[in-house]
Amino acid sequence: MATNFLAHEKIWFDKFKYDDAERRFYEQMNGPVAGASRQENGASVILRDIARARENIQKSLAGSSGPGASSGTSGDHGELVVRIASLEVENQSLRGVVQELQQAISKLEARLNVLEKSSPGHRATAPQTQHVSPMRQVEPPAKKPATPAEDDEDDDIDLFGSDNEEEDKEAAQLREERLRQYAEKKAKKPALVAKSSILLDVKPWDDETDMAQLEACVRSIQLDGLVWGASKLVPVGYGIRKLQIQCVVEDDKVGTDLLEEEITKFEEHVQSVDIAAFNKI
């Protein structure tokens with residue numbers, strides 16, 4: 001029963017042989033020998049095409065004389081003729097490029113020859129040697145005898161520096177004078193006065209307080225170094241408004257405590273005084 005089943009079953013028992021053959025084939029194709037042969041074939045492809053074209057031309061010439069020439073061979077010959085024509089055109093263009101290169105090389109050689117011929121004529125001539133006469137001994141000039149007038153001038157030289165002492169005294173006096181003038185000039189300049197800008201909140205007792213009268217009372221305060229500025233009424237609540245007034249004071253003359261004391265003297269109108277803002281100018 002088992003043998004009958006194996007007889008009817010399609011099993012490929014020789015598959016390993018085909019696998020080995022395929023592996024050897026690809027190894028030969030990818031090996032170094034195959035690569036070298038492909039390089040040689042690629043290098044000589046043009047020569048083989050030319051040789052094949054010549055053979056086909058000779059065969060076509062021999063076959064065209066006979067009556068049994070077929071139409072298929074004539075088509076192949078036409079393709080070969082076109083291929084040969086393109087190769088001839090490429091060959092002519094390469095020849096033209098080679099000729100141009102040869103002409104350029106010949107021009108360069110001629111230029112080099114001209115430069116080599118002209119270089120010896122431009123060599124710098126060696127400078128002529130100058131004859132130097134032997135050294136002669138030079139005698140020093142004879143000293144003239146000193147005259148009495150020159151002796152008197154030498155006697156006038158102050159060896160102890162008395163003139164320098166007088167010049168030092170004059171320079172010290174000049175320096176002191178300049179310092180005194182600078183001090184006087186600096187004293188005449190007005191000294192910088194430190195000032196501050198103060199924003200006051202003056203609050204009344206109730207909504208029945210006359211705010212115009214309150215502002216008049218505040219502005220009636222006149223102090224040295226105090227300048228009143230702008231003012232406005234700011235609502236507080238329940239119909240009550242406070243007086244917000246700005247002033248500029250000199251820090252050395254007017255202080256915030258003094259301002260508060262002077263404003264709170266108006267007890268009938270003023271309840272309290274607060275400093276809302278304080279900035280140095």
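Using N, Cα and C of the backbone, Cβ positions are placed for all residues, glycine too.
Quantities reported herein were computed from a predicted structural model and do not represent experimental measurements.
Noted from Swiss-Prot: of SER44, SER93, SER272, the annotation phosphoserine belongs to SER44. The N6-acetyllysine entry in Swiss-Prot, when matched to the candidates LYS107, LYS188, LYS242, corresponds to LYS107.
Taking THR73, THR125 one by one, Swiss-Prot attaches phosphothreonine to THR73. Counting residues of the region 'Catalytic (GEF)' (173-281) by DSSP class, helix then strand then coil, yields 34 helix, 44 strand, 31 coil.
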